[in-house]
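S.K.: Let me begin by handing over the structure; questions about it come next.
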Amino acid sequence: MDADQDNPVMVLTHLDHPMSDDHSEYRDISTVLEVEEGARLPPQEERAEELLKAKSRTWLFVAMIIPNAILGVLIRLGVVYIETFPDQPVFPLIWAQFIGCLIMGLLVSTRTRMDRWHWIGPFMYASLSSGLCGSITTFSSWSLGIFTELANINRSPHPPLQNILAGISELTVTIAMSLTGFALGKHLGSALKHYLNSRSKQMDGARCGTKINPDDVPVREERPPLPPSDHYTFLELAIGAFSLLLWVALILAVIWIAPSSSWRHVVMATVFAPVGAVFRWYLSRFNARYPMFPIGTFAANIIGSWILAAVIALQYTGHFLDGSNRQDCQILAGLQDGLCGCLTTISTFTVEMVTLNRKAAYRYALVSIILAQFDAPTDYQ
């Protein structure tokens, strides 16, 4: 959790290879995306946000987040389904958290190459980090799992001390696996960059006029410019149309699929997933206001956890306990796995713990975890 003491909240572009101010033009567009990971925009790069606003391409972020959120929730539910079996060694959600954090580490490590690959690279990074990784991982279900163990909701024959140890295990194992996944992802990203550089160094240097030093830091880079703001490219229109049609198709599938279907709740989750992911991405813009405490991610995780607590409380009411209202139960399951699962995230939470300095990281993590538990007992009663 140690970070640069002079700049406690490092911009993620600097996590691997710090770049001097002489190359700030290289990071114009990508820096505005770093608030998702709790980073702070340097003063010389604040113009990047204005540039994005001028281009009026916020809708493109949303359009790219939608399919990634849908894919993310499907991966999470699939991994949980595979890992749910008798005598399982660990709770099944842990592997979804690990996979999401691993992909996040890979993205953070290869971000520089992604940015200079194509003008849509920064948009792709935001959609993959916020949409895919943020939807594979979930903070709310993790908080629910901790509370379930602490309060012994399943009525297992455990003494109180074992309940406490079970809750602590859920807490610490998830954090450890998330940090491990993120570190492994960064290692894989470094290996991938080394492999790609060994194959394309000469070609990149001839085409872009770029000198690559042994640390893979661009000495001079011509980042692909954004298209003119007065028209849309075919790529943008194709992405927007695909995202809209995909979401509409899933909504129609929920309507047409019979309530008796055993997988209708999965389709229901994919309908709610984009709502949670896009709302979390919107909240992430507030992270830069408090560099020592990423308020955007914090708000998303707490709001999502409290909504999940309310949904679980509804499932314990008489209207749902007998199972006769199958369609209503499927809606609640969709809200639980889709909306709450994608509104909250462990992957960004992990990056922030690594990015913040030690004191700020512990404070941020403890406040998030404790406050997420605060409302749960009330809703279960």
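Cβ coordinates come from backbone N, Cα and C, glycine included.
TrEMBL labels come from automatic prediction, so no person has curated them.
Features from TrEMBL:
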TRANSMEM  59-82  transmembrane segment
TRANSMEM  94-111  transmembrane segment
TRANSMEM  123-144  transmembrane segment
TRANSMEM  164-184  transmembrane segment
TRANSMEM  233-257  transmembrane segment
TRANSMEM  263-283  transmembrane segment
TRANSMEM  295-316  transmembrane segment
S.K.: Using Cβ atoms and a strict cutoff of less than 8 Å, what residues sit near the transmembrane segment (233-257) while being 6 or more residues removed from its termini?
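M.R.: Non-local partners: 57, 59-60, 62-64, 66-67, 70, 120, 227, 264, 267-268, 270-271, 274.
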S.K.: Let me check one thing: do the transmembrane segment (263-283) and the transmembrane segment (123-144) come into contact, meaning three or more Cβ pairs under 8 Å with sequence separation of at least 6?
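M.R.: The transmembrane segment (123-144) and the transmembrane segment (263-283): touching, yes.
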S.K.: Given the cut-off of 8 Å on Cβ pairs that are 6 or more apart in sequence, determine whether the transmembrane segment (59-82) and the transmembrane segment (164-184) share at least 3 such pairs.
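M.R.: Per Cβ check, the transmembrane segment (59-82) does not touch the transmembrane segment (164-184).
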S.K.: As a test: from 94-111, 164-184, 295-316, pick the stretch that has the greatest number of Cβ pairs under 8 Å with the transmembrane segment (123-144).
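M.R.: Of the candidates 94-111, 164-184, 295-316, 94-111 scores highest.
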